[in-house]
């Protein structure tokens with residue numbers, strides 16, 4: 001008999017097996033990455049990328065990724081894949097980024113584009129669906145961008161989400177669900193979540209109902225004056241007041257007393273139902289969490305100091321698969337990466353001390369020679 005644990009494990013394996021992976025990139029095949037990634041030539045001054053694991057790493061091959069190489073440059077590179085729509089599905093976007101140069105000002109975010117992106121001409125004005133990831137500049141800007149594109153406008157999450165600012169590799173994950181919830185994870189830990197509607201101020205774009213002031217198809221029957229109309233409005237016993245001024249008060253008319261039970265005749269009494277009106281910015285529920293033609297992922301950013309490494313790109317519809325992929329990549333190398341950095345730091349400290357001691361000894365030697373020369377000169 002199959003145990004409950006074995007059955008549960010089998011279900012988990014099956015679920016991961018059924019996950020749809022739209023894009024996955026680890027740069028494990030040497031220079032073949034150049035066949036998949038397109039460097040934009042829109043500007044001859046765009047910075048260039050190389051594939052490298054950097055100055056320190058957890059695994060020399062597994063930690064290789066796209067690295068920026070030139071200071072004070074804009075960068076633009078992208079990779080395309082088979083277009084898809086995430087309608088009614090979860091969308092997970094994940095990647096790793098390492099600012100080993102200790103970023104002072106520059107972007108570490110990615111962009112997800114529609115399939116009609118002109119990769120050769122990609123630039124800062126190219127339309128994108130999603131912008132996600134860290135952005136650092138000075139002391140003021142240390143945030144995770146989550147920008148979504150709706151109705152020809154870019155909307156940024158109104159919550160401040162802080163990014164990592166050290167020089168190690170970090171795993172960034174964005175999850176958009178069809179129930180209009182979202183979640184942002186850093187290093188596998190949830191740091192922000194909520195409603196797409198409210199955290200992007202999109203409630204005004206949702207479907208609303210307005211009562212119309214008039215209805216074009218309303219068939220109002222025209223009434224006609226009844227034969228004894230005057231008797232309802234003239235009072236034979238009434239007389240004109242003595243102080244009535246026709247020039248100021250107008251013509252005086254006899255007014256009948258109110259008759260209880262007076263009913264209107266010849267009037268359409270059907271119930272009139274208001275129409276449902278759609279405002280100009282009308283969006284259905286799914287419009288707030290779906291993108292019809294996702295077909296490319298890329299880096300379009302500015303950096304003052306280069307050296308950032310981007311790796312382990314993933315776009316899928318399965319949160320569990322993304323979690324397992326993160327553990328199998330970043331999770332396996334994060335520890336050894338820190339160990340290598342610590343070893344290098346100790347070696348640098350040791351080298352600096354040796355250089356200081358050498359400088360000190362050389363300084364004493366020079367001072368001794370100078371004194372000897374001065375003493376000999378005094379004897380002459």
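The backbone N, Cα and C atoms fix where each Cβ goes, and this holds for glycine too.
Record features, source Swiss-Prot:
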type: CARBOHYD; residues: 42; note: N-linked glycosylation site
type: CARBOHYD; residues: 201; note: N-linked glycosylation site
type: REGION; residues: 20-197; note: region 'N-domain'
type: REGION; residues: 191-246; note: region '4 X approximate repeats'
type: REGION; residues: 198-291; note: region 'P-domain'
type: REGION; residues: 250-280; note: region '3 X approximate repeats'
type: REGION; residues: 292-380; note: region 'C-domain'
type: REPEAT; residues: 209-220; note: repeat '1-2'
type: REPEAT; residues: 222-231; note: repeat '1-3'
type: REPEAT; residues: 250-256; note: repeat '2-1'
type: REPEAT; residues: 260-268; note: repeat '2-2'
type: SIGNAL; residues: 1-19; note: signal peptide
### Task
For the region 'C-domain' (292-380), provide the mean pLDDT of the predicted model.
84
### Summary
Most Cβ neighbours within 10 Å, among the glycosylation sites 42, 201, goes to 42
### Query
At the level of the C-alpha atoms, what whole-angstrom distance separates residue 201 (N-linked glycosylation site) and residue 42 (N-linked glycosylation site)?
34
### Query
For residue 42 (N-linked glycosylation site), what is the secondary structure state per DSSP, taken as helix, strand or coil?
coil
#### Entry: Assigned element (helix, strand, coil) containing residue 201 (N-linked glycosylation site), judged by DSSP
coil
